[in-house]
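Asker: According to TrEMBL, the protein carries these features:
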type	residues	note
DOMAIN	B:16-89	domain 'Glycine transporter'
DOMAIN	B:102-176	domain 'Glycine transporter'
REGION	B:226-245	region 'Disordered'
TRANSMEM	B:13-33	transmembrane segment
TRANSMEM	B:40-61	transmembrane segment
TRANSMEM	B:73-91	transmembrane segment
TRANSMEM	B:98-120	transmembrane segment
TRANSMEM	B:126-147	transmembrane segment
TRANSMEM	B:154-175	transmembrane segment
TRANSMEM	B:181-201	transmembrane segment
Amino acid sequence: MADWLSPESVSEVTRVLDLAGVFANGLLGGVLARGRKLDLLGFLLIGVVSGLGGGVIRDVLLQNGPPVALTDYAYLPVAVAGSMLAFAIDLRQQVSGLVFNVLDAAVLSFWAVAGAQMTLAAGLGWLPAVLLGMTTAVGGGAVRDLLLGTTPGILLNGSPLYATVALLVSGVMVICTELGAATIGIVAGVGVGTLVRLTALHRVWVLPGDRDWRPLSALDRLRRREDEVRREDEVGREDGGETEA
Amino acid sequence: MADWLSPESVSEVTRVLDLAGVFANGLLGGVLARGRKLDLLGFLLIGVVSGLGGGVIRDVLLQNGPPVALTDYAYLPVAVAGSMLAFAIDLRQQVSGLVFNVLDAAVLSFWAVAGAQMTLAAGLGWLPAVLLGMTTAVGGGAVRDLLLGTTPGILLNGSPLYATVALLVSGVMVICTELGAATIGIVAGVGVGTLVRLTALHRVWVLPGDRDWRPLSALDRLRRREDEVRREDEVGREDGGETEA
Amino acid sequence: MADWLSPESVSEVTRVLDLAGVFANGLLGGVLARGRKLDLLGFLLIGVVSGLGGGVIRDVLLQNGPPVALTDYAYLPVAVAGSMLAFAIDLRQQVSGLVFNVLDAAVLSFWAVAGAQMTLAAGLGWLPAVLLGMTTAVGGGAVRDLLLGTTPGILLNGSPLYATVALLVSGVMVICTELGAATIGIVAGVGVGTLVRLTALHRVWVLPGDRDWRPLSALDRLRRREDEVRREDEVGREDGGETEA
């Protein structure tokens, strides 16, 4: 095997990719904090939560020693650097540009790969690996959104396949690892994830929400008909329109 | 002792009850997510948090290995199934009906019993057992409410003895276990809890809030009198009415 | 060394200080819960989160056995007592008074000291010690704010150096401990922290927010000029004023 595929190189490459993700998410946290009346330390804390939160949640759930973000001294300064850059310069226009979208998609995919890999390495099975891969990728952003007072974006109808891509990539990584091809899993996961996310952004692919979904079971059709009959009796109910939409 | 009371049977029965609770709470999470603009994956994640959150918080606090929800492969699919059912069919009317209320009260009580039991089994004492019993029962719902952008219902004046029942049941379970009658504790805890919760719902029993409570100590009466004197001087203060209520 | 500086005395003194902090924060939690439609148990839970949350987050991240708040039986009743006092008597005026401010500043500083010390004692290095010192001091309040439905106060522009003081004190404690003078670190940390916090409150010292900060780099000046040119073309953009402020 080529020298650049030795375990040491792979491990060093993954660490650099991981830190690039920490920087990008620390920066994104700072950008989202703009205009919300946060102070300098507020930016810093939001950046740290954005950049390190997903990995910390994963490590706490794995119960496998203190989080990497606390024991590897590169993580915290890199997250802080990202948020401080967003504090110093208003980058709100830049982060909706193509370069940032590509970086964000790659980081999302890479974190899913890394989370799935670490879960398998801790001796857990494929199902927690898929779940914690996704958690690693989207957990920090979810806690950041909560701290900023909004419902986490990953839950909402309208964001083009963000957590879905993380779930898909974790699945790819788990399958490749089970087949003994972890290195291929890293490359394939990041490649497929980045591609799917960018295509979803471009084509505005979103998952269905509860109003788009039309239930088709006989049971439900029956229930609907009962509803309609009932509604004719009590005209003017406030949430009457929702099951129709 | 009868065969159906052997440790294996009890353990199998408790697992089935636990999974019934995961399903019911996954479903309830999905029902509460309706009309909030969540997508398919949002429903799924809310269902997982609703159904598994309380147990995960308990296991993380016990520091006794990865959460059961990650190591026992039945949990995650059952929570997902509950939330997917709520996604496919609009069950908002059904969950305020009697059947769901009985199921919900039984699950609340059973989870309190299970949380208290697991805490004692992990070698901790009666006080953390009572606290983590309640946490197991209400923790998932609290995090779900936070993610959906509302103050957790268990804190609010007006919900008929929800967390209070969990606290009571945990206490019953701890006392029975200390007396060497854990199996009786399970049955008594679930029975008493379900009964108290359903009665509270029916009679609209609620705990007092800060405005209902009339302090009666000499110190407070004195303080009030001072307040009134002060208020006569500064008429028109904005929050003047609150200490009177 | 004098008898009152023996390890046993120091450890007993720190435990009493820690419990004083739990009481003060349980009480503050109850005070902030006033007027929010919480019931008796809601007050109790908010008090417990306020008083014990920071230490619990620290202990979960240290992965060093169950949180002290669960294994030392003094903690939970003391937090409950604080919140129950705030439930029984409306103390909203008292907590903005001088006595409470001094107590709050001392507790903030002491918790930062204690968190940093425990992190070092668990074998982690200076960087996590500083971070977890701050987390111990402000974590409970942040989770309390989230539960009450507001963005945590520590993030916001306008609170005079709260989390900043915790960060400073953690740093002082870590430096003193590295120099082999942990007892001096406790005294110096609490003294300096209390003084800085009270002065900041008095003089209304706050950290800069994103609108106060005027970026001075050549890159940014260039970017601004481009912005202005662009803005002249598209008059009437909705968020046009923000980069100017």
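Keep in mind that glycine also has a Cβ here, set from the backbone N, Cα and C atoms.
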Asker: What are the helix, strand and coil residue counts for the domain 'Glycine transporter' (B:16-89) according to DSSP?
Answerer: 59 helix, 2 strand, 13 coil
Asker: Among B:13-33, B:40-61, B:181-201, point out the range having the most Cβ pairs under 8 angstroms from the transmembrane segment (B:73-91).
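Answerer: The stretch I would name here is B:13-33.
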Asker: Using a Cβ cut-off under 8 Å, which residues of the same chain at least 6 positions beyond either end of the transmembrane segment (B:13-33) come close to it?
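Answerer: Distant Cβ neighbours of the transmembrane segment (B:13-33) are 42-43, 46-52, 74-75, 78-87, 91-92, 95, 100, 103-104, 107, 110-111, 114, 140-141, 144, 148, 186.
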Asker: Would you mind splitting the domain 'Glycine transporter' (B:102-176) into helix, strand and coil residue counts from DSSP?
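Answerer: DSSP classes over the domain 'Glycine transporter' (B:102-176) add up to 60 helix, 1 strand, 14 coil.
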Asker: Averaging the per-residue pLDDT over the domain 'Glycine transporter' (B:16-89), what integer do you get?
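Answerer: Mean per-residue confidence for the domain 'Glycine transporter' (B:16-89): 94 out of 100.
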